[in-house]
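Reviewing the structure listed below.
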Amino acid sequence: MLIEPCRHTALEFVVHCAMKRQNVRTLSLVVCTFTYLLIGAAVFDSLESQTEAKRWEFLQAIKNNFVEKYNVSAEDYRMIEIVIIENKPHKAGPQWKFAGAFYFATVVLAMIGYGHSTPTTVAGKLFTMFYAMVGIPLGLVMFQSIGERLNKFASVIIRRAKRASGARCTDATEMNLMLATGMLSSIIITTGAAVFSRYEGWSYFDSFYYCFVTLTTIGFGDYVALQNDQALTNKPGYVALSLVFILFGLAVVAASINLLVLRFMTMQAEDAKRDEQDAQNLAAGNQPLTFDDESTYNMHGKLLENNYTTENDETVSLCSCTCMGGTRCLNHEQFIDPDFQPMDIIESTLCLKRASV
């Protein structure tokens with residue numbers, strides 16, 4: 001029989017097409033990502049480079065005036081710089097008492113990494129590495145679980161709201177969930193910005209910037225809360241509020257971002273599942289193969305531009321000849337019923353298309 005070679009060839013073609021689509025998708029993502037990086041670099045260059053140069057010239061002018069006025073040597077000036085830089089964290093008060101240590105542990109587990117305080121001892125650095133190896137996966141699982149519960153709660157609220165409004169479709173779609181979590185994330189960031197602006201003395205825009213950088217785990221460290229007036233030791237309520245904001249806000253923002261990522265991954269999974277189903281159907285002989293360009297394989301492995309199909313183009317003929325399945329054709333003598341007549345095909349529900357051989 002010549003059916004098995006046909007299926008084998010068509011199966012290879014399906015696998016090849018699926019891999020080709022996946023490779024094209026991956027390459028497109030890589031190209032888009034690097035293009036986005038190039039665009040970002042160009043924009044940041046145009047926005048920040050001139051200001052950086054002006055600040056550097058201003059600082060150099062102040063340094064030169066200071067050195068000339070007080071006749072300070074280069075070594076002494078360098079020592080002054082080191083002392084000022086090293087003493088900067090201590091202005092915020094003790095960083096490694098329990099409250100400060102808990103704040104540091106939260107920053108590590110949440111992968112924010114402000115850099116406002118870092119361990120200096122060898123034992124502290126070793127423990128930080130081991131602590132992060134266990135704590136980061138634990139935190140990711142926790143944030144994922146909280147995000148799922150939030151999405152579940154949001155879906156219940158959306159269904160009830162749709163049912164109350166008399167909508168026909170009461171299901172909570174992915175778009176509804178993304179809008180809900182996006183609104184909740186916006187509320188958390190804007191509210192947190194108002195709180196930090198009041199306690200830290202920042203402008204509202206800078207506070208909003210801090211909240212965004214924190215909840216997206218970027219953590220530049222240019223703005224860090226709890227670093228003024230020894231807040232870590234003197235303001236326990238503010239410390240607790242800041243920690244709750246970080247943990248709960250990260251869970252909500254993570255839920256919103258995960259919905260976007262899951263949407264994209266679902267699209268990829270659907271394509272892969274469709275390709276796998278086509279390959280399985282072809283291998284089992286349950287459903288012949290139909291391609292996007294309406295081209296099919298015949299039993300000899302030759303690509304046909306048109307073939308015998310049903311009205312929905314879901315089945316194809318396995319014969320490349322023009323005998324219409326007659327018993328006198330040598331291609332059919334091995335597996336066609338001797339009582340089969342060409343008129344049986346014509347009288348059936350099949351819609352025939354002439355094969356181009």
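Quick reminder: no glycine exception, Cβ is built from N, Cα and C everywhere.
On a predicted model such as this, the values are computed, not experimentally measured, just so you know.
Annotation source TrEMBL lists transmembrane segment at 26-44, 96-114, 126-146, 177-196, 208-226, 238-264. Positions annotated as domain 'Potassium channel' by TrEMBL: 94-150, 186-261.
Residue counts for the domain 'Potassium channel' (94-150) by DSSP state, with H, G and I taken as helix and E and B as strand, are 41 helix, 0 strand, 16 coil. Against the transmembrane segment (177-196), the recorded stretches 26-44, 208-226, 238-264 differ in Cβ pairs under 8 Å, and the greatest number is found for 238-264. Averaged across the domain 'Potassium channel' (94-150), the predicted model reaches a pLDDT of 92.
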